[in-house]
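Novice: So TrEMBL says this about it:
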type	residues	note
TRANSMEM	25-45	transmembrane segment
TRANSMEM	65-84	transmembrane segment
TRANSMEM	105-122	transmembrane segment
DOMAIN	106-247	domain 'Phosphatidic acid phosphatase type 2/haloperoxidase'
TRANSMEM	172-189	transmembrane segment
TRANSMEM	201-217	transmembrane segment
TRANSMEM	229-247	transmembrane segment
Amino acid sequence: MAMNSELGLRAKIQRFWQQSYTPDWLSLLLLALANLAVNLIAPFQRMFSLDDRTLHFPHAETERVPVPMLFVYSLALPTILILLSTLMNPHKTRKQKLHQMHVSLLGLATSLMLTTFITDVIKNGYGRPRPDLIARCKPKENTPEHELVSIKVCTERDHHTLYDGFKSFPSGHSSFSWSGLGFLSLFLFGQTRALRPGSDMCRVVISVLPALGPLLIALSRTEDYRHDIYDVSIGSLIGILVTYWTYARPPSPLPLPSNWLTIV
């Protein structure tokens, strides 16, 4: 009798462990801690030359899309729309709605966190100078112009401003925005069944609209001279790939249309 009771308790714990997606949430916590550790480490400072004209762009004190607004666009907005879309679905029971919200938000969080971790690891390890590095660095007078120099020639005393100048590749704004708004776009494709035969164009437009956000955010990074087109292209690619993998992996928050892979 005691053995049966113990087996029953184990089965309940195992069922809760699986149905609550506890391993996934714990993985997110580990990713967050790992990412925090990465950002506590100073990035590699690649050598540069003062005659490199690609590094002489002005340093924009005010960004077109500052970090707080990036979180609004890429995290808050998708979260709100996913919740509203699920709650307003008349074809699902309360239990089904709660499950869909849980799994969808877990997918969104996974997409954002995994993308951020991958991006920051590459940023810190590669240490590519930003297009506005010289303006940040404020090199000493008489610094040689036609040879490679190191960060030691810089007079900028604000460590964040200076070290952030070596985090050009890949673009974090680009990857993060694609991982959030890109996930929302996939979610809407699943909700509206936009790719099914006979679906109207309105559903496709609604599903595609969120993807315009990351495109504009990525372009804004080149306008602020924080990145070049190569940085934002690779950052966008990272965000897109991680988002699609996160959305498509079991358990997927929504079934993918049968012809989804034909457009990828």
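Glycine is treated like the rest: Cβ placed from N, Cα and C.
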Novice: On the 0 to 100 scale, where does the mean pLDDT of the domain 'Phosphatidic acid phosphatase type 2/haloperoxidase' (106-247) fall?
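Specialist: That region's mean pLDDT is 95.
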Novice: Go ahead and report the DSSP secondary structure tallies for the domain 'Phosphatidic acid phosphatase type 2/haloperoxidase' (106-247): helix first, then strand, then coil.
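Specialist: With helix first, then strand, then coil, the domain 'Phosphatidic acid phosphatase type 2/haloperoxidase' (106-247) has 98 helix, 4 strand, 40 coil.
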